[in-house]
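Quick notes on the structure that follows.
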Amino acid sequence: MTTTTTPQTQQPAATPRVSFWRDEAKEPWRRNLALIGVLILLFIIGAVIRPELYGDPKWVFDNMMVILQQASAIGVVTVGMTFIIIGGGIDLSVGALIALAGVWCTTVATQSFGSAGMIFTAVAVGVGAGLVNGVLIAYGRLVPFIATLAMLVAARGLAARISGKQTQVSTDQFINSIASTRPFGIPMLALILVAVAALGWVLLNRTTFGRRTVAIGGNAEAARLAGINVRRHTMLLYALSGLCCGIAAIMLTSLATSSQAAAAELYELDAIAAAIIGGTLLTGGRGTIVGSMIGVVIFATITNLFAITNTPTEAQNMVKGGIIVLAVLIQQLKFKSVKQMLIRT
Amino acid sequence: MTTTTTPQTQQPAATPRVSFWRDEAKEPWRRNLALIGVLILLFIIGAVIRPELYGDPKWVFDNMMVILQQASAIGVVTVGMTFIIIGGGIDLSVGALIALAGVWCTTVATQSFGSAGMIFTAVAVGVGAGLVNGVLIAYGRLVPFIATLAMLVAARGLAARISGKQTQVSTDQFINSIASTRPFGIPMLALILVAVAALGWVLLNRTTFGRRTVAIGGNAEAARLAGINVRRHTMLLYALSGLCCGIAAIMLTSLATSSQAAAAELYELDAIAAAIIGGTLLTGGRGTIVGSMIGVVIFATITNLFAITNTPTEAQNMVKGGIIVLAVLIQQLKFKSVKQMLIRT
Amino acid sequence: TSNETPNNTQTKGADTNNPNAAAGKQVTIGFSAPAADHGWIAAITNNAKAQAATYKDVTFKQVEAGKDAAAQRAVLETLIAEKPDVIVLLPHDGKELNAFGLKAMAAGIPVVNLDRAFPDALAYRCQIKGDNYGMGVAAGHYIGKALKAKNIASPVIGEIAGMDELELTQERSQGFKAALATYGFTVSNRRAARFTADSGQAEATGLFQALNKIDAVWNHDDDQGIGVLAAMNSSNRKEFLLVGGAGSKAAIEAIAKDDSPLKATVTYSPSMASSAISLARLIGQSKGMADLVELQVPKEIILASETITKENASTYLRLGF
Amino acid sequence: MTNENVILRLTDVVKTFPGVVALGGVELEVRAGEVHCLLGQNGAGKSTLIKVLSGVHKPDSGTVQWLGEEVAFANPQAAMKAGIATIYQELDLVEDMSVAENVYLGHEPRSLGFVNRSLMARNTSGILAQLGHAEVVPTRLVRVLSSAGKQLVSMARALSHQAKLIIMDEPSAVLAHDEVENLFRIIRELTAQGIAVVYISHRLEEIREIGDRVTVLKDGRTSAVNLPARTTPTRDLVSRMTGRTIEYVFPPRGDAQPGDKLLEVKGLNRSGEFHDVSLSVHSGEIVGIAGLVGSGRSELLETIFGARRADSGTVTMNGTQLRPGSVGASVKAGLGLAPEERKSQALMLGEPVYRNMTLSTFADLASAGFTSTEKEQAAALGAAKQLDLKPLDVRRSAGTLSGGNQQKVVVGRWLLGGTKLLILDEPTRGVDVGARAELYQVIRGLTEQGVGVLLVSSEVPEVLGLADRVLVMREGRVIRHTAAGELTEEDVLDLVMAGSLETAGEEAA
Ligand SMILES: Nc1ncnc2c1ncn2[C@@H]1O[C@H](COP(=O)(O)OP(=O)(O)OP(=O)(O)O)[C@@H](O)[C@H]1O
Ligand SMILES: Nc1ncnc2c1ncn2[C@@H]1O[C@H](COP(=O)(O)OP(=O)(O)OP(=O)(O)O)[C@@H](O)[C@H]1O
Ligand SMILES: [Mg+2]
Ligand SMILES: [Mg+2]
């Protein structure tokens, strides 16, 4: 690349070679790097407070696996949530859908159909409820916030009715064993999360479905004028989120060997927060699966750190609030362009 | 369309007289009418199920007053929330701020300063925490969702620490008596709500503060280029919301003659939902105080109806979800222009 | 009540006549209970702490449980790794944490299961719990007898329950219903609050709107009862008989004073946490309960729900929280 | 008239919006291989008409015949499938997607269900090369492109469909002189292949250069058809559009000497945007800045106004230095900016016109913090009349106005209140001929009241005709500074393109 600037005036779109630190297309990478910095910071804090634990490499590996395992269900939900938010929506019903799918698949009747029947039920309930959300939003033209809030309330009610407000114990050996299986020393649930996230990444970045999601969230009118069926796509997005809830319900049931109507409380807030911390724009059109996953892992690591350092609950809350603010601020302070980005949002 | 009417083709500029049902400036009125229709529907449902109660005019009046009283704290918060959302933001911390202001003003130390001291403390805590939100969002450039979520978590933690996780009983006679006072047969708390809402209405519709709020929510960049100090105003908006939380904290303390860290649970969702049902655009720039207040009253009426009809909890949830969807759908089905509005959002 | 740190706790200090009082082998007790967001749970944690502090031979190791069963499971994993002698555990949900109990027992750590029961007997060494069903029964009998005494044929009875999604709430309501049924009475209106004063106020207000005249109300929880009393004051409804639940100090005092409709409360005492610590110590030291013939601590202890009335309030004031 | 090569025929098309008859009976006939120009004032219904054509709006009545068959496109996709591609007036791109993704949005090449990204990039490169911009990288995000770059992407999208008819709604509005030449080259290539083009522009000279036939719309009805584009006298065209006979004239410059120095800019710098710019504006004077798109003029204006913070340099107003980076201080000092991007930078589309107009003055019209709707509406109505806003109803929401009328609202904002120095960035973009003349009158009238004006326009005749003094910018530097009378359009074009022409020559060699 020579120094002449002339072609720029002639050709307004010319690309000067830009460094990694200034290239706008690399901005998500830079954010993710900053988030990984936050993770390292959390690790260091842990190591300072409990050096005897963090000094043991086996424990450290083991602890990482525990973190991944604990992050798995919420992680799967966050994959769906990332799609929803990128597509310009919001889904407040995810926690309730997990609870509903969970109690539905652990009713005595369903359990009698065996593991496959349970998994099928959970997924079907999730997708079905997600479709209801999608139809209300895309065709009923409800604001996503209201439609999914209504679903939240209704699904928790239905879950309470189905479960008779009792915790339902899963007697299915296969389902219960998922959480305790550790192929190659890695928890099965963590592997499922990685698989779902990888599929999500491909879907978002390499398929028309993903590209259309970005287009609808970025400029719904442009997408419509370009011939995209915005309504149908929006509906499918909520079904996808419901699917993720169904999968997460199985994972959570396996972890707790049971389900209840009050399960997965406030998962919606955690999932949304993880996605936003991971760089997803709440107004739609921008976001990455990788960022969201790092966001989820940060939250799980914070919880883990609290357990390890035995922080009292009320202090946990205060510290957690601080860390959330810090994580976002760090991304901003380091990289000027990120800052500009946020002004505009 | 028949043969052309000359004046129209000649002067498209002239305003053809449009009926109330088609005039776009009257759209908020039409929405509010639809919402009042929903209220009447709820009343009819009640009258059908418990005719003996609804047949008694004294009881009906009394019950309306009770509904207003129960709606009062959340109503005050919703006034603040309406400003925030119109200004293009969101405040997830309102419930937590009520709890924080409530337990802070009912500590033994504060109660020793008497009623005025308690009221001052609650208001100061609310405004202070709101300012923190505002500074983080306006100057720290955090996304409102994240900043106020962090505040939610942190404020609940702080409230738990201050209260020692115990319910704190208010021994202040004046504060406790507010809720039981009924000048002219109207509950004091309802009067406070009406006063706050009226002030909010004036502030939004008749002052430069309100105009700036609408402008910033409608197009922040345009507001900035027109010379409005967008950052300072944004900060003030969150302080205003904090102020409303402080007032609501006093009201709730008076109602329950006590405070605790878990109080005002999920008020944020109710306030946001009431505002949206009342026609406030979640993306900012549009909304009315009257609509929000009707939204609040609808929610309180639903709760009241559940009590009167002895609906079990789980059925409550399902029905509530349905009513929320219905309320929004009714607004859309009746009035075509509303429909178009929502497509564009 | 005795004691320093968290004030207002229920403990039993060393009784010199008790052979178990003598200091024995040093015992480390791990303890976990859900995060306190209301009085009863806060009292549980405070009692456990205070009771442990009365023993010179006990090291108390509390871990915070976080906001749900999943979070509690995560901290318990770290607790096992630290190998305490005994674990006292009040789980978020007995069924959800059953697997943890099994794991700890398998690792050779005896578990004292506090209040919320593990369904699997292999998951605990000893279970000490309140009797939720019995609590409802006690409240039902008190109300039933009182109304029969007043000769009310078909009384209007209200119920303000706690968080409805918890099994314990369901059990309490079932007990209440069953006991009332023996008098031929039924609940006219049942509202579920959230164990907080503001929700208690809201639900009580709704109840008063629904029922023009009420003969008796059972409120499951004395903490939310603060709100119920506030609602009664502001809407001027005092025609009925109110029975509380759990047994808070304020409630017991009010009953003793007898100047409000609150005539009784049925206990569900957080003192069980203190007892659980005592039992854990004995298990850790392989001792039995001195008054029993058995050489070891029994497998299961269920507290009876007692009815506190004006007559016996003074004796119970000590156990109020 | 022969029917054989008529590919599109509209008969009596009517389309109404609540309170407005946007189209009140339109006829249009387009032949294969022609450039068919649509002329009409702001709000005449041009954009609405093409939205009907491209399936965005459904007509209330009337017929659309496409390739001899009556059609009713249910959605944009159907129109596209049938071979009608559209470049909309408001750029409809997704900012956070790449150039290639935007071009192929909705019809991505796929293999095995996955987007074939290399094929997509290759095809996009091909189309961009055909458009004369091979240097644009298909993987670049659209967000960072200039307006002209974005226009290019819209164009590439239209070309990526195998269209028989391409509709262009004011494509040249954001283009500079040389870019317009390039656009015309492409249009000629298209028509040579038998593709028809419907071309909308407010610049009559463009219509003369590229058009074949003209249809004129007035107040939602066809007022003239089948006019030859090259030969119909301007007077004729204008009178059919407006019902009056004004022409494209600039008001005469007053004799009055410019007054005191109002604005003084010294050594202003912002890295990567402009360098060492110094200029001054006196009261009663219009200073114009000419230059190519992307020469950094918008950034310069925004920096002077305080909307961006300068790296170095000072801005002085009336002798007092302005606080850098503070719009509020600038507005207080009497500056006003009508920005370039009306939708994203200037308008609250959901709010009524009068509130948009009083956005920077409502606080002054308020008493003790209480706003006055009456005063605001009266003030806004005055400005609206001055600018010939259509419809003349300041209570309508700004979003329902046509593009050109929205622009008038933006300019109108600074006619209210005590603006002493008005900064105008492309004030006539999308404004029709008649309104343009009125806008010029208004601007000139302001200077007679002592207001100074700093004007940026990509239309060189406008800068030369309106301004008293002219600055020419290239690559972020001021390269010429003289009185307007001393320059001709050719001089300016030579100046701004000199550098690039040289390099272009070198590259060709
Ligand atoms: N969505 C809408 N709602 C209400 N009125 C509308 C809407 N869209 C257009 N109009 C009205 O229809 C009329 C025609 O507008 P249109 O955009 O077609 O004009 P135009 O000829 O393209 O003008 P310009 O040259 O300014 O772009 C205008 O009066 C406009 O206000
Ligand atoms: N957000 C952005 N990010 C990166 N580059 C940008 C951005 N906005 C503008 N540019 C570049 O800055 C340069 C100056 O653009 P600018 O729009 O100021 O030119 P201009 O002279 O005002 O032209 P116009 O006539 O289009 O307004 C261009 O090369 C443009 O591509
Ligand atoms: Mg147009
Ligand atoms: Mg520009």
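Glycine too: its Cβ is placed from the backbone N, Cα and C atoms.
The feature transmembrane segment is assigned by TrEMBL to B:32-49 (among others).
If one looks beyond the transmembrane segment (B:64-85) by at least 6 residues along the same chain, the residues whose Cβ comes under 8 Å of a Cβ in the stretch are 91, 94, 98, 144, 179, 182, 185-187, 189-190, 192-193, 196-197, 200, 203-204, 213, 217, 237-238, 240-245, 247-248, 251-252, 255, 264, 267-268, 270-272, 274-276, 278, 280-282, 284, 287-289, 292-293, 295-297, 299-301, 303-304. Per TrEMBL, the feature transmembrane segment maps to B:64-85 (among others).
The annotation transmembrane segment is assigned in TrEMBL to B:92-110 (among others).
Positions annotated as transmembrane segment by TrEMBL: B:116-138 (among others). With a cut-off of 8 Å between Cβ atoms, the residues of this chain six or more beyond the transmembrane segment (B:116-138) that come close are 89, 91, 93, 97-98, 100-102, 104-106, 110, 144, 147-148, 150-151, 155, 170, 172, 175, 230-232, 234-247, 249-250, 253.
The transmembrane segment annotation in TrEMBL covers B:145-164 (among others).
If you look at the transmembrane segment (B:184-204), the same-chain residues 6 or more away from its ends with a CB under 8 A from one of its CBs are 61, 65-66, 68-69, 71-73, 75-76, 79-80, 82-83, 86, 178, 210, 213-214, 244, 247, 251, 254-255, 288-290, 293. The transmembrane segment annotation in TrEMBL covers B:184-204 (among others).
Positions annotated as transmembrane segment by TrEMBL: B:235-256 (among others).
Look at TrEMBL and you will find B:289-309 (among others) tagged as transmembrane segment. If one looks beyond the transmembrane segment (B:289-309) by at least 6 residues along the same chain, the residues whose Cβ comes under 8 Å of a Cβ in the stretch are 28, 31-32, 35-36, 38-39, 42-43, 45-46, 49-50, 53, 63, 66-68, 70-71, 74-75, 78-79, 81-82, 193, 197, 200-201, 204-205, 270-271, 273-280, 316, 319-320, 323, 327.
Here the transmembrane segment (B:92-110) has long-range neighbours at 73, 77, 80-81, 117-119, 121-123, 125-126, 129-130, 133, 145, 148-149, 151-156, 158-159, 162-163, 168-170, 241-242, 244-246, 248-250, 252-253, 258-268, 271, meaning same-chain residues at least 6 beyond its ends whose C-beta is under 8 angstroms from one of its own. Remote same-chain residues near the transmembrane segment (B:145-164) are listed as 90-93, 95-97, 99-100, 102-104, 107, 129, 132-133, 136-137, 238, 259-262, 268 (criterion: CB distance under 8 Å, separation of at least six residues from the stretch ends).
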